[in-house]
Amino acid sequence: MSEHMKLGAFLMPTGHHIAGWRHPRAAADAGIDIDHMVRLAQTAERGLFDLVFFEDAAGLREGRVDLAAQAARSVGFEPISLLAALAAVTSRVGLVATASTSYNEPYALARAFATVDLVSNGRAGWNLVTSASEIEAANFGAQGLRAHRDRYARAGEFADVVRQLWDPATRNATVHHRGESFAVEQGLGFPASPQGAPVMVQAGASDVGRDLAARTADVVFVATQTFEAAKAFRDDLRARTSAHGRDPDAIKIMPGMSPVVVESRAEAEDKFAELQALIPDDVGLALLASYLATDALNGLPLDGPLPDLKSTEGMQSRQQLVIDQSRRDGLSIRQVAQHFAGARGHWRLVGTPSDVADQLEEWFVGGAADGFNVMPAYFPDELDIFVDRVVPELQRRGLFRSNYASDTLRGNLGLPVA
Ligand SMILES: Cc1cc2nc3c(=O)[nH]c(=O)nc-3n(C[C@H](O)[C@H](O)[C@H](O)COP(=O)(O)O)c2cc1C
């Protein structure tokens with residue numbers, strides 16, 4: 001266990017709840033509003049967060065049941081460029097952006113992040129993704145989405161070349177890499193930042209994804225819902241890291257968590273219910289229909305009960321879970337749809353600042369997490385509340401820093417200079 005927990009602010013323009021973009025306090029064009037992004041990054045820095053994090057997909061999402069929500073969330077700035085702008089208006093918080101190994105070349109990407117690292121005086125980080133969507137693939141040539149195995153083979157070579165280009169010991173040396181996917185001749189030719197090299201972040205969940213993280217990553221993001229799943233993931237990643245000859249304490253595992261925080265539990269539940277009620281009926285229903293693998297809900301009254309459904313060839317355990325819960329709690333079709341759309345696979349914490357701190361403490365002290373990737377339900381309010389109410393509670397318990405320990409991202413994460 002590290003001495004203090006690490007905190008990342010996962011900045012989705014409008015928020016992480018599926019209907020967060022519809023909240024009256026969220027702005028639908030937030031992804032291309034630089035003032036909004038500056039404010040969020042400065043709020044995270046005020047809260048002494050280790051880092052702000054931006055996801056990315058180089059293409060608009062479509063064809064999913066949550067079309068409207070995804071569209072509002074996915075129109076956003078190219079994140080490496082955004083980091084450079086945020087570097088100028090912050091001084092301590094780490095700046096992490098996602099970039100794909102499928103649609104970049106290692107030299108260009110290494111140069112872009114090394115630039116942000118110098119511009120920010122040692123605060124840059126790269127979240128390596130292989131990109132799994134056809135929609136992105138269609139924007140980068142005609143070959144379509146590569147197979148999972150091929151994506152990770154390319155990602156492994158990509159990561160190795162980037163690390164070589166960033167290595168302070170070899171920055172000016174000739175690289176002379178000739179590999180399966182890439183050929184790179186020269187080094188970057190400019191100096192290392194105060195942290196040596198940008199931080200490597202990864203979030204792959206597959207066997208080969210975990211292995212790449214264990215070999216190359218400093219920070220790993222993960223979506224887990226229970227203490228047991230998070231602990232098993234962290235134990236597995238640490239064991240794999242040791243197997244690669246690395247110190248397991250040199251890899252920080254940060255599960256995502258989506259908080260809805262108010263002073264009293266009843267108010268927190270009300271606030272969450274308000275968000276749930278914003279889920280468009282067609283979005284909730286389409287998700288529910290896909291969970292139930294049925295079109296038998298079409299045309300039924302939304303405030304009536306779920307009909308009796310024939311067992312399907314689809315995800316039978318998921319179908320039974322939905323039916324059992326709706327019968328047990330007497331939920332209408334609309335209520336069931338909201339319930340399942342709102343959860344969406346994230347660890348959701350609804351409660352008082354002390355409730356939220358209790359849960360974070362349990363995971364951190366119990367060895368299920370080195371820190372957390374905080375995913376506010378909607379912006380800007382839920383990040384403000386976390387910073388103003390939850391952070392002081394964590395500090396009071398000695399679980400979180402009261403001052404930045406360092407000027408660099410590596411320094412704050414407790415990682416040695418690269
Ligand atoms: C917190 C978090 C953020 C992620 N951000 C992105 C992203 O911005 N772009 C992307 O293509 N995938 C993103 N992913 C997906 C993962 O990088 C990875 O592709 C996915 O978990 C599948 O992993 P696998 O291919 O190893 O099974 C993210 C995952 C998590 C948990």
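Using N, Cα and C of the backbone, Cβ positions are placed for all residues, glycine too.
Taken verbatim from TrEMBL:
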type	residues	note
DOMAIN	23-366	domain 'Luciferase-like'
BINDING	ASP56, THR98, HIS148, TYR152, SER206	FMN binding site
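Feature map: annotations from TrEMBL on the structure.
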| residue | record | DSSP class |
| --- | --- | --- |
| ASP56 | FMN binding site | coil |
| THR98 | FMN binding site | strand |
| HIS148 | FMN binding site | helix |
| SER206 | FMN binding site | coil |
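Sequence-distant contacts of TYR152 (FMN binding site), defined by Cβ-Cβ distance under 8 angstroms and a gap of at least six in the same chain, are THR130, GLY204, SER206, VAL208, GLY209, LEU212. Summed and averaged per residue, pLDDT over the domain 'Luciferase-like' (23-366) gives 90. For the binding-site residues shown (THR98, SER206), fewest C-beta neighbours within 10 angstroms: SER206. Spatially close to ASP56 (FMN binding site) yet at least six residues away along the chain are GLY76, GLU78, PRO79, ALA97, THR98, ALA99, SER100, VAL129, judged by Cβ distances under 8 angstroms.
Around HIS148 (FMN binding site), the C-beta neighbours below 8 angstroms that are at least 6 residues distant in the chain are THR130, ALA132, SER206, VAL208. The maximum pairwise C-alpha distance among ASP56, THR98, HIS148, TYR152, SER206, the residues recorded as binding FMN, is 19 Å. Among the binding-site residues ASP56, THR98, TYR152, SER206, residues whose Cβ is positioned under 6 Å from ligand 1 are identified as ASP56, THR98, SER206.
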